[in-house]
Structures are given as C-alpha cells and as structure tokens.
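Worksheet: one structure, shown below.
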Amino acid sequence: MIDTVTDLSRLRGIVADWRRQGLRVALVPTMGNLHAGHFSLVMLARHYADRVVSSVFVNPTQFGPHEDFQRYPRTPEADMRGLEHVGCDVLWLPSVETMYPLGTERTVRLFIPCVSDVLEGTFRPGHFEGVCTVVARLFNQVLPDVAVFGKKDYQQLVVIRQMVVDLAFPIEILGGCIVRESDGLAMSSRNQYLSMQQRPQAAEIHRTLIAMRDAVMSGGVHADVEAEAVRRLEAAGFQVDYAVIRLPDLCEPIDGIVISQGIALVAARLGNTRLIDNLEF
C-alpha cells in the first residue's frame, strides 16, 4: 500500500531506512492531476530503482501572473489511487510552507542560463527559474539516485540535466517517452480545458510535427519547414508561439547541413488552452 507523507522529517526517515538496506531510490516529480503519461514515468522509475517516491506539488513559482495556477486541476484521491496501482511506494505531498519556508518572495532562486532563455523561456519568463528552484529542493529532500521527467516537456528536461551537471547533483536523469491519445495528441493535464469542438483540432499539432520531421529528413530548408508548420497550424485555428527545428541540445541547426538527430517543437494556443508537444528524430 502506498505511504502518503506530508512531513519532511518522516520522508527523510523513510529514505534513510531504504539507504541502510542498500536500496536504490527514484523520484518522479509531478504537479498532480495525473494521467497515463505520468504513470508511465513511475513504471520507468521502477525499472531503475528499488523504491519510488512521487511528489505532487503545484508549484506557484513556475506560473506566470496571467497563467492558470489557481485553476490548475487538483485531483488528490485519483492521483493516489493511480500511483498505488503502478507501484509507487511513497506519495510526497509537501505544503507551500515546507517547500518555501521563507516565503516565495524571499526564497533562493535558481536560474540556468542560455537554455532557459529560449522557446518556453521567451513566452513564459521566469518559468524555468521556478522549475529549477522546486526541483532542486525536491532533490535535497528525497536524495534520489535517479529522477524521471517526461519528454513532453523536452526543454524542461534539457534545463534540469544542465542544472544537475552544473551543481554536481549525484542523480541520474531519465526522460520518459511521450504517451499519446489514439489520434496522436500528447497526454496533458491541460487537455481537459479543450472543448468538444477543439479536441479533434488539437491533434493537428502531432500531425504537423510529423510533417516537420519528414520535411527536414527529406532535405528541407529549416526556415521553410518552420514557416510551413506555422501556416498549417494557423489554418487549423491555432495561435502559434513557435514551431521550430532544433538540435537535441536545443541549439539552432545550420541550414544546408544535414542533421543526423534533431527535434521538432511546437507551442500553440487553441482558444485559451496552450499546448506544447515535440517529436524527436
């Protein structure tokens, strides 16, 4: 049975006991409202560790002033049942006071330069600062051997890997594959904001990503591929923040040079719902 923990001292005691037994510990951080994508991360963690801690914390410092912190869906009972079903050992439920004992205004903040400034960083200033701040605290609380993050938030994964290297966290970072609906839409907690009319439209993002990948692999000019992706998404009713081709480290590829590995990334709004997705190749 899953152990739900709200006290940091108790959490540390549990993890310390696992350590004394020589067990390997994994952390799966989440903001709750869990779906099959999240549960796949827990199952991946179980392959790399003997015990799994999953945290649920809706982090106020990674939401912008006009974003959806207050209305972000919270489903604690369903989250607990789902985590127990996939073999999570501990559900860590810290309070805002536990995460930010000096308050969010006075807290020490972490900023990862360069990779935090582009794409999502341009459209959500301060977002990755909040992400890194809370993830570093979770690392210090749980002291995991391995931590698992979803590849749907690909830029977040790159940012966290850079933070782990730079701050010498002795933690292996794993990226879990995107889990999709039958029509290709990436599973997301924000999909439930979509209306019945918008839901079929949303799958156009994945189809556009496939077209971007195919065009690049056929020798298409990156700028032309990106422009066509924007046109296609706008024709489907989206307001596009970006539709880009990048190298795996998120650097821009040089036109005219064939890239052996890359990633197509899209962020776009359908009505009031902002969706992100990507496709590696």
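Cβ from N, Cα, C; glycine included.
Under the DSSP three-state reduction, LYS151 (ATP binding site) is assigned to helix. Non-local neighbourhood of LYS151 (ATP binding site): LEU157, GLY175, GLY176, CYS177, ILE178, ASN278, GLU280, each in the same chain, at least six residues away, with C-beta under 8 Å from its C-beta. The ATP binding site feature in Swiss-Prot is assigned to 31-38, 150-153, VAL179, 187-190; the stated evidence is sequence analysis.
According to its DSSP assignment, HIS38 (active site, proton donor) is helical. The Cβ of HIS38 (active site, proton donor) lies under 8 Å from the Cβ of VAL28, THR30, GLY82, GLY150, each of these being in the same chain and 6 or more residues away along the sequence. Here Swiss-Prot flags HIS38 as active site, proton donor, drawing on sequence analysis.
Its own atom aside, the Cβ of GLN62 ((R)-pantoate binding site) has 21 Cβ atoms within 10 angstroms in the protein chains shown. Mapped onto three states, the DSSP output places GLN62 ((R)-pantoate binding site) in helix. The (R)-pantoate binding site annotation in Swiss-Prot covers GLN62, GLN156, and the record cites sequence analysis as its basis.
Per Swiss-Prot, the feature beta-alanine binding site maps to GLN62.
A gap of 18 Å separates the Cα atoms of LEU34 (ATP binding site) and GLN156 ((R)-pantoate binding site). Of all the binding-site residues listed (GLN156, SER189), SER189 has the fewest other CB atoms within 10 A of its CB.
LEU34 (ATP binding site) counts 24 other C-beta atoms within 10 Å of its own C-beta, drawing on all protein chains shown.
It is 16 Å from the Cα atom of SER189 (ATP binding site) to that of GLN156 ((R)-pantoate binding site).
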